[in-house]
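Novice: Can you keep this structure in mind? I'll have questions shortly.
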């Protein structure tokens, strides 16, 4: 006997409890074929699902077969084009470009790894998301393009070999929310959410709950919609000729120079940062850029290539909504709820935790250096560039360009930049987020900020800022750097804060 509840502390699952009306014991599933034995020994099968015979085990020779999730048009010497649904055999699997052979044409070449999925597995299913966290499942389902009933199945974070169902729902009090169900495994290979009905495979489970909600918060409507992935950068293209870039639209100007939207080789949309001549040594920049390109994380803007002759160009991935400080002031940014604002802060903390783990330093962390995608994903830009600037207006604390209001006291006074001075800056960035881009220390000049900080002053709590969030800011502004929290701690607190404000899920009926 036993119930279907999850007791794992990390997961807020919908409870999967069904109790027999006669004996009042929890109902226990007995097999994985969609059947359930009851007292008179009769068999119950789900009338909403078409059951299929079990598939024979795949041949080891099929392990290197993949299916194209998207069509791909070749654009380099040596890459291989293919159509959506085409099968290919992987010949070499290394980096982000895999050598493959098309089973349709017999041709060989390199293919982008993120355009294909392993054949004879769950990966080609539009509703299956491999290696997706609970938090990222919520972000994806709440992104534009998804609606009530949009869903996905992902691998469980807490239990290896298990799965979770995440569904977008509407709550009268909270609005659009995502609810999670633990998909439980049977000993003989079947699955169930509610022990009233079991399934031989996830396909049958999805078909059943697409036909009827049957105790879930809503009927499953369609798989979570995602954008076609951007193909990886061609690995040999690092120092590129200036003529390979076409600058199309000037997006803005910052401390280091201008930023443009453009195209590389006429087909790849990129952002191009053009650095002011004399702003930094080309040799020092190239050395730093070689370090920066090793820092690859979903919360960091990807560095693709460089032009090392002055004016120096930095070519990165393009982020449709521009800088966070500007986006927060747009009509779309102003409408963001506190939950979404906190989620953006959690994303930034996640990226900075990666920088922290790699023993790197940003040195110029603020909302102007955070970029926002069209799905409201936040990524950190310009990490490491600040220390290369050779402009006295930027490097001296009296300089007009020095970001005094974001800089920790020890960095202002002694030039001591560490990951803990980045933590101070993150606390200031939090004020930018909750005020939708307001300049910190409103009404104060830079000299006044320095004088007040030396007297122990700290920025007051902004309007509409939760007290718990303000206390987190104050932790970031501790006088002694070693007393400030880690970015990993900040990430966990912000993610927990975001989850806690969603409220508790109701038990499944």
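Note: Cβ is positioned from N, Cα and C throughout, glycine not excepted.
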Novice: If Swiss-Prot marks one of 276, 329, 401 as ubiquitin cross-link, which residue does it mark?
Specialist: 276
Novice: For which of 51, 505 does Swiss-Prot record the feature phosphotyrosine?
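Specialist: Checking Swiss-Prot against 51, 505, the phosphotyrosine entry points to 505.
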Novice: Going by Swiss-Prot alone, which of 54, 94, 121, 162 is annotated as phosphoserine?
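Specialist: With Swiss-Prot as the source, phosphoserine is noted for 162.
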Novice: With every protein chain in view, what's the tally of Cβ atoms within 10 Å of the Cβ of residue 194 (phosphoserine), excluding that atom itself?
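Specialist: There are 22 of them.
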Novice: Give me the CA-CA distance between residue 102 (phosphoserine) and residue 192 (phosphotyrosine), in Å, as a whole number.
Specialist: 38
Novice: In the structure shown, which of the recorded positions 102, 159, 192, 364 has the fewest Cβ neighbours within 10 Å?
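Specialist: Ranked by other Cβ atoms within 10 Å, the recorded positions 102, 159, 192, 364 bottom out at 159.
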Novice: What are the DSSP helix, strand and coil residue counts for the domain 'SH2' (127-224)?
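Specialist: DSSP classes over the domain 'SH2' (127-224) add up to 18 helix, 31 strand, 49 coil.
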Novice: In whole Å, how far does the CA atom of residue 364 (active site, proton acceptor) lie from that of residue 192 (phosphotyrosine)?
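Specialist: Here the two Cα atoms are 49 Å apart.
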Novice: Mean pLDDT, the domain 'Protein kinase' (245-498)?
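Specialist: Looking only at the domain 'Protein kinase' (245-498), pLDDT averages out to 88.
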